[in-house]
Amino acid sequence: MSHVAVENALGLDQQFAGLDLNSSDNQSGGSTASKGRYIPPHLRNREATKGFYDKDSSGWSSSKDKDAYSSFGSRGDSRGKSSFFGDRGSGSRGRFDDRGRGDYDGIGGRGDRSGFGKFERGGNSRWCDKSDEDDWSKPLPPSERLEQELFSGGNTGINFEKYDDIPVEATGNNCPPHIESFSDVEMGEIIMGNIELTRYTRPTPVQKHAIPIIKEKRDLMACAQTGSGKTAAFLLPILSQIYADGPGEALRAMKENGRYGRRKQYPISLVLAPTRELAVQIYEEARKFSYRSRVRPCVVYGGAEIGQQIRDLERGCHLLVATPGRLVDMMERGKIGLDFCKYLVLDEADRMLDMGFEPQIRRIVEQDTMPPKGVRHTMMFSATFPKEIQMLARDFLDEYIFLAVGRVGSTSENITQKVVWVEEIDKRSFLLDLLNATGKDSLTLVFVETKKGADSLEDFLYHEGYACTSIHGDRSQRDREEALHQFRSGKSPILVATAVAARGLDISNVKHVINFDLPSDIEEYVHRIGRTGRVGNLGLATSFFNERNINITKDLLDLLVEAKQEVPSWLENMAFEHHYKGSSRGRSKSSRFSGGFGARDYRQSSGASSSSFSSSRASSSRSGGGGHGGSRGFGGGGYGGFYNSDGYGGNYNSQGVDWWGN
């Protein structure tokens, strides 16, 4: 049976002419390429091709005068001063000298960057020359330059009030009660001041529950939606506890190792992450929440020059963010000791196992000098926790609390999911039409399955005149960081990515995720669409579907239905047909997302929980949803219907949201 959208090829330009998408802002014409135009790595050695142009008029190339790699602190300080930090004074800036910067400011851990500014090793040295009696809970003098750099960017979102409708479930013995505001739990002057500087007004659901659990020194396994504020959920209570307790034996061990020529660092807290990008993002968040403290965060990851990372470590390290492979390397070189590690965090734990890091993780946690479970405080965070991961938690966690916050990866309120039938041969044309309709300030993330496909699609878009970039596993660390910075800054508002970017990347203002190639499993789909709609922002996820994606049909339908998304009838028909054919093989009829959660606590044999926090989702259903596709079955109303007919699965504007920024 051939499932062909019969009108897909008819008059795309004419169909879009009537969509009133503010065509003046969406013209594809432009002038010839300027000297400053970003050129993809695989095209840099080619002779310039005639006809390349920048879309200055449509916003594809940034018109900002500011250099893309300039400091975050370039904007004026219009926040107003924190009421928690009342001792600001201009004379304090002398404590922070200028840091040497790498080319990619905001990425962290490279060049001569020391994280918070270097200090001379004299009487004012901050990191390890202080005595044990120093009060780590008191804030150090401020630095206006550093404050502006750390806190000048970012958007905390506009949709936090809708988080109250997300269901939450906590299981385990004696679960601490959740909080409603950051002030409900004592975290100290430094943390509260930095929360205000970060402009966090209220905790997200995962923060409401995880912060008091961690503050009570309970081990935690948290299954939370992507973009839910997981990083702050563990950094805030860990850092506040370090400020309250001080360095303890770790500082003494570093002093014994040599005051000036120390070679080994003993971090108090260790955060493991699967990818370089996620590790750097966690590190950048740690820099914010350790501002004006004596805690110095560091980051180590593979794919970068190890000598510079060693030199950065030797300046002091209290909180270490690391990828497993590079951390094992540092431990074997004698640069890192885990003897006094009080806090262990495994972020994106399922992804680390998927990537084959289990031997390294067990080497770090079980076969070295790290304190055993019950002595250390351990937390596991992930977007999915299948039973295999939960069983692994038995080895790492002690009397833990299992926390499930919302159904993983998509919320009906924040991410609108659209699925359209597109034959392989038509995908590029469909993509161009989507990009032409996109607002000039919108960031678009396009996912493909292969590295070759990423390069090929970036090459195609580049020749079509779009300012785009790409990221995948074969790119050098420098090229990956440059691509991410070009995307974040808006100079290249289109990022073509493979799965390497699907996990953990926190780019807060991504408006649109496009699955140019759908993944083969639903978990990967969940993580991809989670790149938009992050931390309260509204997002749109569009997926190109055809016969190659039959295997994901049933799970995709289950997810769309549970998220209260509009479902095209052809997808329902395909799911029924595929499910019926596969039923003889024992395929389960229940949704893997049943109950609104991405995972369940395997310890609950009967479904009863020790404690539960829950609230119902918003009851209002999506508009539309009837008569999908009409008599054409899988064809729908052609690509014009992609925007305004039920053949696509609903009208983009049915939510009253202007997705295109016009």
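Every residue, even glycine, has its Cβ placed from backbone N, Cα and C.
Of the candidates S131, S181, S410, Swiss-Prot marks one as phosphoserine, and that one is S131.
Candidates Y104, Y260 were compared with Swiss-Prot; the annotation phosphotyrosine appears at Y104. Note on R113, R585, R632: Swiss-Prot annotates omega-N-methylarginine at R632; no matching annotation appears for the rest, which is not proof of its absence. T204 (ATP binding site) falls within neither a helix nor a strand when secondary structure is assigned with DSSP, and so counts as coil. Least crowded of the binding-site residues (R202, K230), judged by neighbouring Cβ atoms within 10 Å of its own Cβ: R202. Secondary structure from DSSP puts K230 (ATP binding site) in a helix. Taking the Cβ of T204 (ATP binding site) as centre and 10 Å as the limit, one finds 26 other Cβ atoms among all the protein chains shown. The Cβ of Y200 (ATP binding site) has 18 neighbouring Cβ atoms from other residues within 10 Å, across all protein chains displayed. Within the model, the motif 'Nuclear export signal' (12-21) shows a mean pLDDT value of 40, rounded to a whole number.
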